[in-house]
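Visitor: This is the structure I have questions about; it appears just below.
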Amino acid sequence: MIDFGNFYSLIAKNHLSHWLETLPAQIANWQREQQHGLFKQWSNAVEFLPEIKPYRLDLLHSVTAESEEPLSTGQIKRIETLMRNLMPWRKGPFSLYGVNIDTEWRSDWKWDRVLPHLSDLTGRTILDVGCGSGYHMWRMIGAGAHLAVGIDPTQLFLCQFEAVRKLLGNDQRAHLLPLGIEQLPALKAFDTVFSMGVLYHRRSPLEHLWQLKDQLVNEGELVLETLVIDGDENTVLVPGDRYAQMRNVYFIPSALALKNWLKKCGFVDIRIVDVCVTTTEEQRRTEWMVTESLSDFLDPHDPSKTVEGYPAPKRAVLIARKP
């Protein structure tokens, strides 16, 4: 059973303590609910991983842990087998004692695009909404954050995060909670809030922006990354049944329309800091994610379009401030 007690003890002593009025009951309810059919297998994989404290830990340039002496072939094989039990691995990569987890997404590329535009993360308390396996949280810690809290209801991602955390020496500077943003009270407690790859999955995107704002302290910074299309401030794509084979894509605005949405929600100092087309080098099938990936979702005769005929995925990063 994954234990959240360390997180409760941690926030009991800081400005997130008021979260304890609701959080333990929510987590207890989650633990009582019907778990995914493979959850026991996943949590066992975490449990059977060895307790290792890294001799060298690099979270600034990557997520890399190394031991003072090389692990035996048997130890490496054990780690690799258990981590493969947690496939598919979508967000990464991770390099853990000679086991290189080549994930579907090169999330390090996204981080390299975002990082130069952020306010200094040193000492900050951060919320990462829809954090997946938690890759970016470890990079936030590497960039100096005091505490990174991720929320994502996907149970596999929770187990992937806990597996990586265990191999990083049970590092307590990052925590993942199996919750959605709609389950959080208006904490108004985070210096920086990240929402990357979430907005287009929300039926009400403006409500999502308000929810993000409710988590920020005054003068806090929002980092928003999402799918966009070309166009002016009035351009929004509402896909039909699917977009790039995804059923749960509701609104894809232009970057300028998204800027207006942020303004409408009361954000200020709104900047479009990056816009780029997603390539099949950044998102692709690997040995750690063996099912369909981006190349399967694009028109084989015209990769500038999805298989449904929409513009191929393009992503923008916007940064804004809560006054």
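Keep in mind that glycine also has a Cβ here, set from the backbone N, Cα and C atoms.
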Visitor: Need a hand: Swiss-Prot gives Trp105, Lys110, Gly130, Asp152, Pro153, Thr154, Ile181, Glu182, Met196, Tyr200, Arg315 for carboxy-S-adenosyl-L-methionine, which of Lys77, Lys91, Lys213, Lys264 is also on that list?
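Guide: Matched candidate out of Lys77, Lys91, Lys213, Lys264, per Swiss-Prot for carboxy-S-adenosyl-L-methionine with Trp105, Lys110, Gly130, Asp152, Pro153, Thr154, Ile181, Glu182, Met196, Tyr200, Arg315: Lys91.
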Visitor: Taking the binding-site residues one at a time (Asp152, Glu182), which has its Cβ surrounded by the most other Cβ atoms within 10 Å?
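Guide: The most densely surrounded of these binding-site residues is Asp152.
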Visitor: So how many other Cβ atoms are close to Lys110 (carboxy-S-adenosyl-L-methionine binding site), meaning within 10 Å of its Cβ?
Guide: 23
Visitor: According to DSSP, collapsed to three classes, what secondary structure does Lys110 (carboxy-S-adenosyl-L-methionine binding site) have?
Guide: helix
